[in-house]
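Visitor: So Swiss-Prot lists the following for this protein:
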- 18-38: transmembrane segment (TRANSMEM)
- 64-84: transmembrane segment (TRANSMEM)
- 91-111: transmembrane segment (TRANSMEM)
- 115-135: transmembrane segment (TRANSMEM)
- 149-169: transmembrane segment (TRANSMEM)
- 191-208: transmembrane segment (TRANSMEM)
- 243-263: transmembrane segment (TRANSMEM)
- 277-297: transmembrane segment (TRANSMEM)
- 305-325: transmembrane segment (TRANSMEM)
Amino acid sequence: MDNMLTFARQQQRRNVRWLLSLSLLVLLATLLSLCAGEQWIAPGDWLSSRGELFVWQIRLPRTLAVLLVGASLALSGAVMQALFENPLAEPGLLGVSNGAGVGLIAAVLLGQGQLPGWSLGLCAIAGALTITLILLRFARRHLSTSRLLLAGVALGIICSALMTWAIYFSTSFDLRQLMYWMMGGFGGVDWQQSWLMTALIPVLIWICCQSQPMNILALGETPARQLGLPLWLWRNLLVVATGWMVGVSVAMAGAIGFIGLVIPHILRLCGLTDHRVLLPGCALAGAIALLLADVVARLALASAELPIGVVTATLGAPIFIWLLLKSAR
């Protein structure tokens, strides 16, 4: 008994150290994001006229958006992996991000460019929810993890094809701009998108507080039922929350892959398996990863800005291949 108590205390201290370290790294990454750009602006110059323009009006809203979207995507990946009992589940791989893109493009086509910005965000959320609900239907049919993964990939390909057809045959300038936007990027984010940032915060906080049902869900469907968890209720709540986070993220920054897949895996490999630590850890680590990727996207080329989706795919694809090989052993 004493050994168990000692182990529990050591594990608790270790978890606290992890969360404190990740919180510190978030602060450092945020500081770097605010300073870095075509012009390096040190914190001492933030209150100058130059700092007023570049830091407070341009970089701060972008940094906040990157932070929230990174946290949302990583949390969505962790939730989907528990929800579908599939370690390879993530919004981009299972087509949820592409579903949000289809919803957005449908709104642009049907609205003839006359719809307000908030309605486009809601259409992206609806598209993400639709794909997530379809995937949940497949999961309830007790498909194997490989079949469920293939179903998600197929849905993603269908959504991608629909977007490509719509963009290719469109004469709308707005729709052609969406082709570049769907590669992922925060270049157009300013304080006008603050309502989208605000829409993410309560869902992020709520998800981070649901460690107990998430731990039970991770045990599997049968143990969860035996422990008295109302599976139908929690599945639908988590589907809505995940679809909301992915839809808002896509509406704000386009499709950004691999954050939701790689971050939860890395934290689990580091020993953070309890969702009481894994969920806030994913939010913090996802924010760090996307903040650093955004800095790379801004600074890699002197004359242009790389799509952040390209940066995350370039860094995430090798890790994804390694995870596939590791899971096949």
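Cβ atoms here come from the backbone N, Cα and C positions, even for glycine.
Worth saying up front: this structure is predicted, and the values here are computed from it rather than measured.
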Visitor: Report, as numbers and ranges, which residues of the same chain sit near the transmembrane segment (191-208): CB under 8 Å and 6 or more residues beyond its ends.
Guide: 57, 61, 64-65, 68-69, 71-72, 75, 79, 117-118, 121, 238, 241, 244-245, 248-249, 251-252, 279-280, 283
Visitor: Does the transmembrane segment (115-135) come near the transmembrane segment (243-263), with 3+ Cβ pairs under 8 Å (pairs 6 or more apart)?
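Guide: Yes; at least 3 Cβ pairs under 8 Å.
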Visitor: Let me spell it out: take the transmembrane segment (277-297), skip the flanking residues so only those 6+ beyond its ends count, and list any with a Cβ under 8 Å from a Cβ in it.
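Guide: Residues packing against the transmembrane segment (277-297) from afar: 15, 18-19, 22-23, 25-26, 29-30, 32-33, 36, 62-63, 66-75, 77-78, 185-186, 204, 207-208, 210-211, 214, 256, 259-260, 262-264, 266-268, 305-308, 310-312, 315.
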Visitor: Checking distant contacts: for the transmembrane segment (64-84), what same-chain residues at least six beyond its ends satisfy Cβ-Cβ under 8 A?
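Guide: Same-chain residues near the transmembrane segment (64-84) but 6 or more away: 26, 30, 33, 90-91, 94, 96, 132, 135-136, 139, 148, 186, 189, 193, 196-197, 200-201, 203-204, 207-208, 214, 217-218, 235, 238-239, 241-242, 245-246, 248-249, 252-253, 256, 259-261, 263-264, 275, 278-279, 282-291, 294.
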